[in-house]
Amino acid sequence: MEAENQTKASEFLLLGLSEDPELQPLFFGLFLSMYLVTVLGNLFIILAVSSDPHLHTPMYFFLSNLSFVDICFITTTVPKMLVNIQTQSKDISYIGCLTQVYFFMIFAGLDNFLLSLMAYDRFVAICHPLHYTVIMNPRLCGLLVLMSWVIIFWVSLLLILLLMQLNFCIGTEIPHFFCELTQIIKVACSDTLINNIFLYVLTALLGVFPLTGILFSYSQIVFSLMRMSSAGGKYKAFSTCGSHLSVVSLFYGTGLGVFLSSAVTYSSQRISIASVMYTVVTPMLNPFIYSLRNKDVKGALGRLLYRAASCP
């Protein structure tokens with residue numbers, strides 16, 4: 001009977017950020033506001049890039065893809081959290097939980113890949129400016145994004161197939177506000193050795209390799225800038241990297257913060273709060289970083305808003 005109970009868990013319980021009922025209205029208002037700001041901010045970036053011919057370049061093509069992924073990324077977790085708070089429920093179905101893990105891994109992985117592709121784009125633009133239009137042609141850019149989707153699609157699918165082999169006890173509680181991969185593996189009632197091994201491989205694929213590519217690209221950029229004689233040329237070249245560096249620092253910095261917090265503390269609540277930084281705060285800040293630090297994007301957004309306001 002115990003084995004039967006373990007294999008027939010049809011739902012999990014998401015404990016959320018806090019069980020204090022007085023904090024639930026505050027969390028609902030806060031996360032609803034952050035979600036709406038994230039969706040609208042990234043949507044404005046997508047519309048600005050698609051509507052302005054001056055932004056039809058590889059750098060902004062990758063940026064619009066990043067904005068789309070960020071919208072999907074936050075939509076994977078926050079709406080379900082808001083529904084649970086509003087209905088005063090903690091339930092999430094077994095299929096719903098696996099679906100959340102699947103799409104969360106897809107969009108988290110795409111964030112990594114797109115940031116790496118954007119670093120490669122800046123590397124080619126600064127280190128090989130004469131060949132930039134030839135190397136970073138639309139066909140290559142589209143192919144790189146497509147390859148990123150294909151790779152992360154199959155990796156995430158394999159991950160879900162491995163998770164489906166695990167057994168879970170009825171009434172399993174997940175100490176998080178969404179179905180986070182490591183927490184799912186921890187609460188399983190069966191052996192998780194293969195899943196943990198695959199998790200390390202997945203971390204290397206989705207984290208270490210893209211980050212290594214980013215660091216290599218910027219090391220070459222720095223070496224190229226050091227060979228420039230003009231201070232103005234150095235500043236102009238590196239200024240195009242400022243927004244991307246800020247987003248990379250925010251994304252990987254918050255991710256590292258979650259990793260360190262989980263390593264030094266056993267408090268699930270603190271880990272959940274730290275996870276808010278890279279799952280909610282980072283997608284929300286990305287459009288502000290690019291719009292505030294980039295004159296082209298600010299100009300495109302201004303023209304977009306002007307056309308919208310002038311429409312009868």
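Residue positions begin at 1 at the first shown residue.
The backbone N, Cα and C atoms fix where each Cβ goes, glycine too.
Just so you know, TrEMBL annotations are computer predictions that nobody has curated.
Listed in TrEMBL:
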DOMAIN    41-290  domain 'G-protein coupled receptors family 1 profile'
TRANSMEM  26-49  transmembrane segment
TRANSMEM  61-82  transmembrane segment
TRANSMEM  102-120  transmembrane segment
TRANSMEM  140-164  transmembrane segment
TRANSMEM  197-216  transmembrane segment
TRANSMEM  237-259  transmembrane segment
TRANSMEM  271-290  transmembrane segment
Annotated stretches the transmembrane segment (26-49) and the transmembrane segment (140-164) touching (3 or more Cβ pairs under 8 Å): no
Local confidence of the domain 'G-protein coupled receptors family 1 profile' (41-290) - pLDDT mean: 86
Stretch among 61-82, 140-164, 237-259, 271-290 sharing the most Cβ pairs under 8 Å with the transmembrane segment (197-216): 140-164
Contact ranking winner - 61-82, 237-259, 271-290 against the transmembrane segment (140-164), Cβ under 8 Å: 61-82
